[in-house]
Each structure stands twice: as structure tokens, then as C-alpha cells.
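**Student:** First the structure, then my questions, so here it is.
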Amino acid sequence: MNSMRFSLLDRTTQNSVISTTSNDLSNWSRLSSLWPLLYGTSCCFIEFASLIGSRFDFDRYGLVPRSSPRQADIILTAGTVTMKMAPSLVRLYEQMPEPKYVIAMGACTITGGMFSTDSYSTVRGVDKLIPVDVYLPGCPPKPEAIIDAITKLRKKLSREIYEDRIGCQQENRCFTTNHKFRVGRSTHTGNYDQGLLYQSPSTSEIPFESFLKYKSSVSSHELVN
């Protein structure tokens, strides 16, 4: 169903572990399961209900209808959109998270249909309110046409994902430059450069008698002060 192949998903190790990026994983899951928000106001919406049956079985396409716009990827408008319902439609679209897509289903949604000639309260096309990605003409469109529209939307998503990947690869390039380092003394043995860093002798290297004389002189100096 998905015409886009993700090259990073093909990289497998000997233990059959797939290595990929989070963006490719989210895009792959979005292509496999689109969550539509059904916005039906007229008779065209009845044709979408035919997809629920066993003949077309829209579950095999990964469609999971959602009742909240904050959980939806697609808003599917079907039927006549009036001036009174226009603010509600725009508000639902604005509440959807990015990326979001719109499918205009039916002649009444696309152009206003037969109500656009003499009705003062009908919106002449839903694309005057929100951007439309797929137009689905018909009065009403058949369930086969709805499946074809979803398939075309998936191809559109695949193309956008590929273009985004190419853009990211061109923008996020890594450039290297040569730096000149001064080779100093090896620090693995603990012999630091005395000119740069002063290292006091440790107490283990001082003889025990000299150490006692040093302590007694320090203590007497403290008593005098």
C-alpha cells in the first residue's frame, strides 16, 4: 500500500535488529494508520459509512476514526457547509496537530453544489475556509472513490516525507576543518610540564625525618604567630 521505502528501515544487524530514526518511525506509522476526523453535514457522509462494512473494510487501511481533533491526522468534510457552521469547521482544523490534511468529499463541499446558486447561507467551496489536499467529486462519491482518495493522500505523504528528508540532509551537513595542535609531553606517566603547571612533591617522596622536621617547624611557627 505504501509506495515509499525507508532506506534506514532496511538496515538490519545479524540479530535482526532494525536501526532507524525517530522521524522515520513516526512517518512510517502515520502512513500505516491515518486517524480521520469525520465532519459530515449532509447525505455524502452516508457513503463513508459504507466503508465500515465487511465489503470494503476500512480497518485494513489503518483508518481509526477519532472524535477529538487533537488526535486526528485528517479531517474529512462531507456535505454542505453553511455560514453558521464555517467557524466551527475552522476551529476544528486549527485544533488539529501538525501535520494535518483535508479531504473534501462531494460536490456540495467542493463547490457548494446545487445550493450555491440561490442560497445566501452556503459556502461556495470549503477551500475558502481551510486548505484542501484531496478533492473527491461526486454526488455522492462511491466508497471505491473514497479508498482511492486515501491511497492518493498516502502517496502525497510519502512524497512529502522524501522531500523533507532530502532537505534535512542538505541543511544538516557536517563540515570539518583542520586544526593545528602543538605536540606536548606525554601525560600518561604523570610527568607534567613544570613550566605550565607546578607540581609539589608528594609526601611519599619526602624522607620521614625531613617530614618530622618540617611539621615541627610549621607548628612552632604557628605558636609564635
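For all residues, glycine too, the Cβ spot is worked out from N, Cα and C.
Okay, these came from Swiss-Prot:
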- Cys43, Cys44, Cys108, Cys139: [4Fe-4S] cluster binding site (BINDING)
**Student:** Non-local Cβ contacts of Cys43 ([4Fe-4S] cluster binding site) (under 8 Å, 6 or more apart, same chain)?
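**Tutor:** Long-range Cβ contacts: Gly79, Pro140.
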**Student:** Rank the binding-site residues Cys44, Cys108, Cys139 by how many other Cβ atoms lie within 10 Å of each Cβ and give me the one with the fewest.
**Tutor:** Cys139
**Student:** List, in sequence order, the residues of the same chain other than Cys43, Cys44, Cys108, Cys139 whose Cβ lies within 8 Å of the centroid of the Cβ atoms of the recorded [4Fe-4S] cluster site.
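**Tutor:** Counting only non-site residues, the set is Ser42, Ala78, Gly79, Thr80, Gly106, Ala107, Thr109, Gly113, Gly138, Pro140.
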**Student:** Please state whether DSSP places Cys43 ([4Fe-4S] cluster binding site) in a helix, a strand or coil.
**Tutor:** coil
**Student:** For Cys108 ([4Fe-4S] cluster binding site), just give me the three-state DSSP call.
**Tutor:** helix
